[in-house]
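**Student:** Have a look at the structure that comes next, please.
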């Protein structure tokens, strides 16, 4: 049984007095770290541990390595999770600092940091292991090319051995994607993709799940032929996995992968896959697919955007907010300009009911997203449709009870007015400015309005109207601005 809270609270040394918190100001950064990084006082040791990388950058590789490496080797053995986590967080920036100041002379010491990070990957604390995982990924960029092949890849090979636990093999899958930017595209194919494809066929679903996500991270760093001919088939196989969690990961990277393969591959492989995932028996898979529908549609040609896809996109606006916490309506609102841009203004008739439903959403983040992108939708619709169909929605959002929603309009008021018929801008700038400034309750909103005065005035054709619109803003909303 764990000790009581009182037992677990760190106590000061018996001889503690006020001078225990004092430090010798005559020490330089490295001397202070040597003195206080192992202090029995929590705040002292954590502060100096967290300053290791900065001290190394200041002092340079030659001066800092002899001080810091022994301290790191000592601290990663401490029976204190927070200390080990803090040390792990310093390893990647340390490697970067040593690479910058030491160059070739720092190679061996950077490899030593990699060894320390690799040791912490097996730590019992999840937080320490996660920090070590980030450290390995960060150190990869500082390694010399030969050391990536001779030092880094063997560490990952060891993690993927049959004797290792499932969570360590899953860690290796994530790291394969994380280290990809450090390799040349051809090396990514021969050194990284080869290993990841093996994990994609692992009998343990948790490993396949991480491998599926890693394929999405690796794809941008591969030569295009390798992405199409080798990665895509593995991805399609995982997308048909019997475990829903694996298919869900595949749904999450569908749009990113679609942007990397030729249009024909999208049409012949990924569009049918989208249809299957959107109709999956698991609602988790269906939701993940729909959340990424907007970015996926943006990778297609207008002719490839089917009526069925648009119907599914519109259905996101009416998704049960209580079930998914508004994730689908928010994704619909956020991606609306991109979908409309790809489908074209002729699709507005099909999209319009969903848009108006989003305007009345109970989720304020949905309304905020619409307000911030209203000018983009107006530009796609053209002046007449913007005035006819969009302006009533603008008025609704301008009267919104939450300032966060109003600010979305305030920050883009001039761009929105520019999308109206020129002869009607004068009347609408006054109405919109009056509405927003009257309901404006935050200084940020009032500042945004003032910043929009000049661009709005320049849009007006008739001399003097811009000035009157500006005075309207000052009269209603400017009193709170210094």
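Start at 1 and count along the chain as shown; that gives each residue its number.
Cβ atoms are placed via backbone N, Cα and C, with glycine included.
Take a look at what TrEMBL says about it:
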- 68-105: repeat 'HEAT' (REPEAT)
- 152-191: repeat 'HEAT' (REPEAT)
- 231-269: repeat 'HEAT' (REPEAT)
- 351-389: repeat 'HEAT' (REPEAT)
**Student:** Which bits of the chain, at least 6 residues beyond where the repeat 'HEAT' (231-269) starts or stops, bring a Cβ under 8 A of a Cβ in it?
**Tutor:** 193, 197, 200, 205, 208-213, 215-216, 218-220, 222, 224, 276-277, 280-282, 284-285, 288-289, 292, 295-296, 298-301, 304
**Student:** On the 0 to 100 scale, where does the mean pLDDT of the repeat 'HEAT' (152-191) fall?
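**Tutor:** Per the prediction, mean pLDDT sits at 92 for the repeat 'HEAT' (152-191).
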**Student:** Under the DSSP assignment, what numbers of helix, strand and coil residues are found in the repeat 'HEAT' (351-389)?
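**Tutor:** With helix first, then strand, then coil, the repeat 'HEAT' (351-389) has 34 helix, 0 strand, 5 coil.
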